[in-house]
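S.K.: Next up is a structure, given as structure tokens.
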Amino acid sequence: AVIGRYKLSVQTGSSSPASLGTFVLLFNPWSSGDDVFMPNKAECEEYVLEEFGIIFAGNKNHISGFGWNFGQFQGDILNICLSIMDRSLYYRQDPVTDVSHRHDPRYLGRVLSAMVNANDDQGVVLGNWSGKYEGGKNPSSWTGSGEILQSWKKSGFKPVKYGQCWVFAAVLTTVLRCLGIPTRTITNFSSAHDADGNLRVDEFYDADGNHLERGADSIWNFHVWNESWFTRNDLGPSYSGWQVLDATPQEESGGIYQCGPASRHAIKEGEVDLDYDCPFVFAEVNADCMYWNYDSATGKKTLIFSKSTEIGDSISTKAVGRDDRVDVTRDYKYEEGSAKERDIFKKARKKLGLEDKFDPTAPTQEEIEQQPDITGKFKVAGSLEVGKDLNLLLVLENLQSDAKTVNVNMTAWSTLYTRRPVNEIWKDSISVTLAPKEEKQFPIKIKYPEYQQQLTTDKTIQVTALCHVEDGIQVLVQRNITLDNPAIDIQVLGEAKVNKEVVVEVAFTNPINTEVKDCVLQVEGSDLLQGILELRIPPLKASEKSSTKFKLTPSEAGPKHLLVNFSCDKFADIKTFKMVNV
């Protein structure tokens, strides 16, 4: 049976039917005959009934998580989810055929991955990766899907401004859980966006070490997509189970911005010829990485180095029944660098016809096999906090048994989480001589006032050192740094009971030596309060502590999550959450 709203009437004898009202039919993961049947009850609880989630972000060296209120059973959300289906391009082009396919989670997953983004179809959320968010909300300021879905409906179904990958994934989680399809968010660290489908991502740097925006390929610090659980009758039983869906508009599929469902098992086995969008997802977790030096005057590019183990790191999701991180990298690929993993990569290249085709943009075998004379890395010395100075060490080591002279050009840029450079923060160059087999450390200090104005709300900085070795090949040293916001503390004062007021206190200490102003506290939580509570807080002097109290009246018993987001002129979107046992 197709899901959706049905009319129910009763007829006795020859009288005309009497309407009893309507009911909504959903998918049923508890029923063994259903395409979305999930045998494990605890997983059903988490992936269908749980209204709170944790989304992982940051970068592979420094993973952080923030809470999200999916709120799939609140207020008007079910009605909104049903209206999303009736506003899709598929429905508008051919309503009868579209509705007849609504028994199929594979079909609905694909349609909804298109409808959650605003490209093509006046969908729910409009993406914006410019770093400027006038006329809408900064993507990192949302704390739940409810506000987004309600705004979309209230505005007469105009796309809500603005989203980035985790917003698309979180909204899709809400919609699919609401319809009864088990769904979770997945974060992939060092995620490849392979725009040209050659399973290779090219990054370009100039002689000064600046990251250039050339070509459509990119590597994101992290990317968030979804997995939904259902059978794949079109592919066969071994491809059933978790399916990748991605509502972030990155590349067109079948002429519109939709992605999936791609069987996770097919991705792991390199079966990139299977429906849907397996090559793109395979590249996100497996692409090889090429770093080039590009000379804009001559148009010449030189390979600095290539790496096959860079992409698809620490693939993460929230644990079942606990607020912890679980690593699912092994479900996407065999161990990085193992013979099996390389075999699967070759198999995928072969299926895509890349093995036999000459690629003029690819580096030569000679370029790939060249060995550098020195190696380098950036080490973090001290804390990585917004408001504190950033202390790093550039460590260079001479691998040869003769001395080497190296000219090093260093830059630091503030970036978005997609590693798109936004503002230059700092640059410097040094010339060093390394004795045979010598290792040297060079301290780097970037003071808070130097980066404060330049930092994006993603709080990410890319530090690069391009080392020009005399009579040797260039060496690129880079590190993506994500800074932590200062902490914020929530205390529930007293016992939380259904329909009884309870007081909550939120405390924040200004960690910097200047005043912070325009302070706003946003609070939400399913079954703890209606909608979103917004509180203005007076300015805070240097090192001053603020304490804000407000009241909640829980409407349902059980473990509930309270989400808090604090912003001011110097710190954007300091998020935390607390489990409240009602």
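Heads up, the Cβ atoms here are built off N, Cα and C, so glycines get one too.
Keep in mind it's a predicted model, so treat the numbers as computed, not measured.
What TrEMBL records for this protein is below:
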type	residues	note
DOMAIN	157-249	domain 'Transglutaminase-like'
ACT_SITE	Cys165	active site
ACT_SITE	His223	active site
ACT_SITE	Asp246	active site
BINDING	Asn286, Asp288, Glu336, Glu341	Ca(2+) binding site
S.K.: Of Asp288, Glu336, Glu341, which binding-site residues come within 10 Å of Asp246 (active site), going by C-alpha to C-alpha distance?
M.R.: none
S.K.: Pop the Cα-Cα gap between Cys165 (active site) and Asp288 (Ca(2+) binding site) into the table, whole Å please.
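M.R.: Cα-Cα distance, Asp288 (Ca(2+) binding site) to Cys165 (active site): 22 Å.
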S.K.: Using the CB centroid of Asn286, Asp288, Glu336, Glu341 as the Ca(2+) site centre, which other residues of the same chain sit with their CB within 8 A?
M.R.: Val285, Ala287, Ser308, Thr309, Ile311, Gly312, Lys333, Gly337, Arg342, Phe345
S.K.: Looking only at C-alpha atoms, tell me how far His223 (active site) is from Asn286 (Ca(2+) binding site), rounded to the nearest Å.
M.R.: 14
S.K.: Provide the number of Cβ atoms within 10 Å of the Cβ of Cys165 (active site), excluding the reference atom itself.
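M.R.: By my count, 28.
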S.K.: When DSSP states are grouped into helix, strand and coil, how many residues of the domain 'Transglutaminase-like' (157-249) land in each?
M.R.: 17 helix, 41 strand, 35 coil
S.K.: Neighbour count first, Cβ atoms within 10 Å, every protein chain included; then name which of Asp288, Glu336, Glu341 tops the list of binding-site residues.
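M.R.: Top count of Cβ atoms within 10 Å goes to Asp288.
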S.K.: Does Asn286 (Ca(2+) binding site) have same-chain partners at least 6 apart in sequence with Cβ under 8 Å from its own Cβ, and which are they?
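M.R.: Ala192, Leu199, Ile311, Gly312, Lys333, Ile344, Phe345, Ala348 - these are the non-local Cβ neighbours of Asn286 (Ca(2+) binding site), listed in sequence order.
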S.K.: Distance between Glu341 (Ca(2+) binding site) and Cys165 (active site) at the Cα atoms, whole Å?
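M.R.: It is 27 Å, counting Cα to Cα.
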S.K.: What Cα-Cα separation, expressed in whole Å, is found between Glu336 (Ca(2+) binding site) and Cys165 (active site)?
M.R.: 25
